[in-house]
Each structure stands twice: as structure tokens, then as C-alpha cells.
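Pulled from TrEMBL, these are the features on record:
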type: BINDING; residues: 195, 196, 197, 246, 247, 248; note: NAD(+) binding site
type: BINDING; residues: 248, 250, 253; note: K(+) binding site
type: DOMAIN; residues: 101-159; note: domain 'CBS'
């Protein structure tokens with residue numbers, strides 16, 4: 001899901017209700033999926049065997065292996081091995097790499113300092129799948145892959161960093177952050193977010209202060225959730241780079257029902273948007289806000305933006321797609337995808353909700369549910385984005401910034417909502 005969403009211009013936060021190691025592995029998988037200049041993680045020496053090649057491929061998933069004098073990613077390049085250099089079942093497992101690798105003398109290489117555009121031109125000119133980049137002493141530095149160029153052309157809106165790696169975030173808690181955050185940063189995470197239904201707390205302040213003291217502006221971190229001006233300012237002054245708005249409005253959240261805590265999403269969003277704008281006028285610092293909850297129809301996304309949201313969290317929306325990590329199941333004759341809240345027992349998210357005294361939740365703040373299966377992410381997202389653009393155009397705007405600033409909002413009655421849909425007719429299937 002994180003890979004598919006980044007390819008389409010969105011940002012995923014890998015969930016934190018799992019071990020640190022598993023979350024790190026997910027982050028690394030996203031960051032290694034596509035790059036510009038790739039530091040090789042699959043390296044051997046010429047004296048290794050075909051058995052070693054096959055084992056390394058199984059371990060890393062990489063079919064292109066750099067052969068260096070010391071078996072590291074920065075040793076002197078001796079050659080490369082790809083799946084076209086050997087035949088499993090024909091070649092002996094103890095066959096030396098030096099006997100079947102493509103030696104350095106036959107490789108087309110580039111020197112450090114070449115631009116990504118220039119590297120891609122060499123790849124196309126010589127019909128290569130990969131281009132090794134070396135320094136003046138032929139020490140290996142990077143690979144540039146043809147597939148990454150193709151991926152970018154197929155996904156022009158992809159969200160990537162300066163090295164062309166996909167952007168990905170991670171959810172964290174206020175319990176093990178001193179262990180989790182360093183591991184995530186080392187894995188290459190781009191942005192963090194404290195995941196909680198109650199952001200107006202000393203625990204979040206302490207977490208934010210630790211991250212800012214350790215990493216400064218090198219690591220962006222969001223906090224939340226809050227529903228009023230006071231909560232917003234509290235997190236901003238503690239160091240939050242963005243703030244999530246909404247308590248109890250998510251489709252699988254029952255915080256309001258179980259604790260009586262929360263606020264209408266529109267009311268909370270409008271107040272905090274005003275607080276954000278006022279803070280910007282006073283300090284010159286703009287803190288983006290994320291609307292989290294209350295999205296039932298596609299047009300609700302446009303309303304959230306018109307009310308001042310800078311971006312929107314859409315868990316239920318994306319849970320419906322092939323790329324979401326849950327199972328597709330048949331329920332009542334219809335295909336559904338599993339979807340549960342981080343406050344449910346199924347999430348086993350003790351770090352987020354544990355009140356102490358036992359190893360289990362005292363009560364749940366989320367439900368275990370299903371959402372209708374909807375197919376692929378890209379197909380559905382194209383339709384949704386088209387609707388949002390159409391809504392903006394109908395209002396006379398071609399940019400989100402102007403839409404947020406000048407869109408007119410009006411209160412409507414329940415009768416108005418009913419008459420806004422098909423009514424007093426029998427709709428043909």
C-alpha cells in the first residue's frame with residue numbers, strides 16, 4: 001500500500017502496532033523499491049559460488065549482484081552477476097562467480113558525478129538494465145536501474161525524495177519512542193506521526209521534545225489528534241511540524257461512544273484552521289493540519305479542503321483496495337476487505353491505549369469491521385481526484401490554495417441532503 005500510494009502522489013504512515021523490527025523492514029522495503037542512485041545491498045567476491053549467488057538473491061530479492069574485491073558496496077568493482085549469467089539446473093552449485101560473471105572489462109560504467117538524466121541516457125543508448133557507477137579508482141558506488149526510469153514515466157505524480165526514493169512515513173507511540181524512532185530514522189523514514197486519539201497530553205509533548213532535541217529539523221514529526229485551538233497550540237509549541245485534527249469521527253473509531261470525548265469534525269477543523277492562520281500571521285510559521293475522520297463520500301474530501309485542511313487522512317477509503325494489507329473475504333455474497341481500528345483488541349496496540357496494571361485493554365476505542373472491496377488503488381483514485389477537481393472548478397478554483405481561501409460554505413438541512421440525491425424515482429440498475 002505504501003509503495004502504491006507513493007507512486008500515485010500520496011503518503012502512507014506504516015502502522016506502529018507491531019514490533020520495531022517489523023516496522024523497520026516495511027520502511028526499508030518502500031525505500032528500496034525504487035531509487036535513482038542505488039547503494040547495492042547485494043555484493044559478493046569473485047571466489048564465491050553459484051550457491052552463494054542464489055542464496056543472496058533469495059535473501060535480498062535482488063537479481064543484480066555487484067562483484068567487488070572485498071564483497072562490500074564500496075570495494076573495487078570486478079564485475080556483476082545477473083540472472084542471465086547462469087542457469088539453475090544446468091550449472092553446478094560450486095561453480096565460481098568469476099567463471100560466469102560479466103567482468104569489469106566488458107561492463108559499460110559511469111563515473112561519480114554523472115547526473116541521473118545522463119545515466120538514464122547511457123542506459124537507453126546501450127540498452128542496459130543497470131549501469132554501475134564507479135569513482136576514479138574504479139571503486140563501486142551505485143547502480144542506476146532502467147526499471148526505475150520506466151516506473152517514473154508510468155507514475156509521473158509519484159512522491160519521491162531528492163534521490164528518487166519513494167517517500168514514506170511511520171506511526172509511533174509515546175511509550176517506546178526512544179527505541180523506535182532511532183531505528184526508523186536509520187531505516188530512512190521521511191516523516192513520523194504520533195498515533196493517538198488524544199494528542200493534548202504531556203506524553204506527546206515529551207515525545208516531540210525528545211525527537212526535536214535528537215534530530216532537530218532533520219526529522220519531521222506530526223502530532224495529534226486534537227479538536228480545538230488550545231490543543232493545536234499546545235502541540236505546535238512542543239515542536240509538532242503538522243497537527244492531526246479529529247477525535248471520534250473515523251469510521252472505525254468509537255471514542256465518543258465509549259468515553260464521551262470528541263467533537264464534530266467540521267467544527268473542529270474550522271476552529272483549528274483559524275488558529276493555524278492566526279499563528280502564521282503572528283509568527284510567520286505555517287503548520288499544516290490534517291483532517292482525520294468524517295470522510296464517508298468523495299465530496300467530503302473537497303469539503304474538508306474548503307474548511308482549511310492541508311491534507312486528509314483516509315484509512316477507510318484506502319482499506320478497500322487490493323493493495324491494503326488485509327484479506328479479501330466473502331461476506332453475505334459480497335467481497336469485502338477487513339478493516340479494524342488501532343483502538344480495537346485486534347490491533348493489540350497496548351502502547352497506544354494501555355492504562356497500566358495489566359497486559360490487556362480495559363475497553364476498546366475502535367471496532368473490527370469490513371469495508372466493501374473496490375479493486376485497485378489507481379483506478380479508484382483517478383475517479384476520486386477527478387471528482388475533487390470537478391468540485392473545485394464548479395466553485396471557480398483551479399488551485400487548492402485558492403479553494404481553501406475563498407470557497408463559500410453554507411449550512412444545509414437534512415431535507416436538502418435528501419433532495420441532493422436521486423429521489424422519487426425508481427433507479428434502474
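Cβ from N, Cα, C; glycine included.
Note that the coordinates shown come from a computational prediction; the quantities given were computed from them, not determined experimentally.
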For residue 197 (NAD(+) binding site), the number of other Cβ atoms found within 10 Å of its own Cβ: 26
All-chain count of other Cβ atoms within 10 Å of residue 247 (NAD(+) binding site): 29
Per-residue Cβ crowding (10 Å cut-off), top of binding-site residues 195, 196, 246, 248, 253: 246
CB contacts for residue 250 (K(+) binding site) [other CB atoms within 10 A, all chains]: 25
Taken over the domain 'CBS' (101-159), the model's mean pLDDT: 90
Residues flanking the K(+) site, with Cβ no more than 8 Å from the Cβ centroid of 248, 250, 253 and excluding those residues themselves: 197, 246, 247, 249, 251, 252, 254, 255, 256, 262, 293, 341, 365, 366
Residues in the domain 'CBS' (101-159) grouped by DSSP into helix, strand and remaining coil: 22 helix, 16 strand, 21 coil
Site extent for NAD(+) (largest Cα pair distance over 195, 196, 197, 246, 247, 248, Å): 14
